[in-house]
Amino acid sequence: MTLNNQQTPSSLITIFGATGDLAKRKLYPSLYHLFTKGKISKHFAVIGIGRREWSNETFQEHVRTSVHNAIGSNENIEEFVSHFYYQAHDVSSDESYRELKTLSDQLDEQYQLEGNRIFYLAMAPEFFGTITEQLKKQGVTDAKGFQRLVIEKPFGHDLPSAEALNKQIRESFSEDQIYRIDHYLGKEMVQNIEVIRFANAMFEPLWNNRYISNIQVTSSEELGVEDRGRYYEKSGALRDMVQNHLIQMVALLAMEPPIKLTTDEIRSEKVRVLRSLRPIEGEEVKDYFVRGQYGPGKMHEQAVPGYREADNVDDESNTETFVAGKLMIDNFRWAGVPFYIRTGKRMETKSTKIVVQFKDIPMNLYYNPGKPLAPNLLVIHIQPEEGITLHLNVKKTGQDIETTPVKLNFASHDLDGINTPEAYEKLLHDCLRGDATNFTLWDEVKLSWAFVDKISEIWESTQQEDFPNYPAGSMGPKAADELLDKDGFNWWPIGKLDVE
Ligand code: NAP
């Protein structure tokens, strides 16, 4: 069932991990926004689940504080928090689920929820299988309305573990009931990729290997590993960022126009891109991928320690905090066009941008002493700023026919006049409406793990002797520049591409 934008379905939302960081920072503020915008039905209730023994009042106070800290607004907050209930719960105990069923049925009647239930798993992935199994076994999903499961990343650690997890979950929920979160897909400008491509006559005809020379996707963070050392040591940037967010953006950039804007059509076009990804394995890994790890350095003039000095990180850690790679999509449209991706922690600037570089025109007729004509670029700014910039050449004012590059800018706040909604707000709304387009299908997860596993196999079996190989506050190791240099390209300097 898919509801249109105006309709707001009734629903019970059960959040596993309700006392955790994600719920506090993202889920409660997003639900509150939906509530104040009238995008969530008045017929809703939330059950928060955690281990600690909280009362409903303590939980409501926690939600109130989270909303206040995130948004600073309190309008109708009392009415909002009155919909929140708490259950102390041990995820492996049968009894806990029986209590959950009783509370769910009771709230269903009290709020007229029509048996519609969303289960949001904001917990460590090792619990996903147990929770879904128990929800079904103890009858919590036996209600007359829709039953949907929202799952946070990471979905597995590699292909075999993702397959095992999927098999376990599928025993209780069908594929169309599963909403795998990749919060990048909820970002305004990521969703805009399709519109820019398919709603503009000037781009789609050029969107291929005849006119595009390369595409660069950068997602850089200023933060280091912070207190997530235990998780990150086993994950690294390849699993944490490339397997999901970066590959998803590449799929949206490279997919064929869908015949219709339906979930199935869009997802199947993305799957076709992932099937065309050239596998990189064995000896080739070093030719296509570069890994980095940050050492001590300076961020905004402040000295910061290296990755190996963080808590729960090995002194000789072989974990990458930076990845640069060249992806090739072996199909008619993209043969020969490199998609360069790059992501890392403790980089010079926090930014996610896509740069589409068009091929040079056949000859330069203009007088540009010592300078080649600048290539046309289309820059899609994903975060923190949102917008697009088109780099063109125009005539320099004056007598000579000399050219100068200019930028045509569009910042999304110019159009909307307000901040665009948080990714989580959009994704929660999509899930309530039954629109799974911006969630990851199992086939996509499977194909991207299969691609990434070949690279991690090599990296895990060989110690990178030069780690740490980039200082905090830089744009990564030198080898990442050489990766493009050998193809005759360079990374477009992120700071100089900003919307002005
Ligand atoms: P977190 O702060 O460590 O919270 C974990 C939650 O799980 C707490 O509410 C905890 O409740 C509950 N919990 C742990 N063991 C439990 C058990 N045996 N029974 C019942 N509840 C239990 O974790 P988080 O940062 O919110 O992350 C949650 C999930 O989201 C993870 O999969 C993470 O990878 C993913 N994620 C997080 C973020 C983020 O920004 N934080 C971003 C993307 C994805 P008690 O403490 O009360 O026991």
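Quick reminder: no glycine exception, Cβ is built from N, Cα and C everywhere.
What you see is a predicted model, and the numbers here were worked out from it, not measured in a lab.
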Among D158, D240, D315, D330, which residue does TrEMBL annotate as binding substrate at the site that also has H183, K187, E221, K345, K350? D240
Which of these binding-site residues (G17, V91, K187) have a C-beta closer than 6 Å to some atom of ligand 1? G17, V91
Whole-number Å distance between the CA of R51 (NADP(+) binding site) and the CA of H245 (active site, proton acceptor)? 31
Taking H183 (substrate binding site) as the reference, which of G17, T19, A23, V91 (the binding-site residues) have a CA within 10 A of its CA? none
Over the domain 'Glucose-6-phosphate dehydrogenase NAD-binding' (15-192), what does the predicted model average in pLDDT? 95
Largest C-alpha distance in Å for the NADP(+) site residues G17, A18, T19, G20, D21, L22, A23, K24, R51, D90, V91, K153, as a whole number, is 21
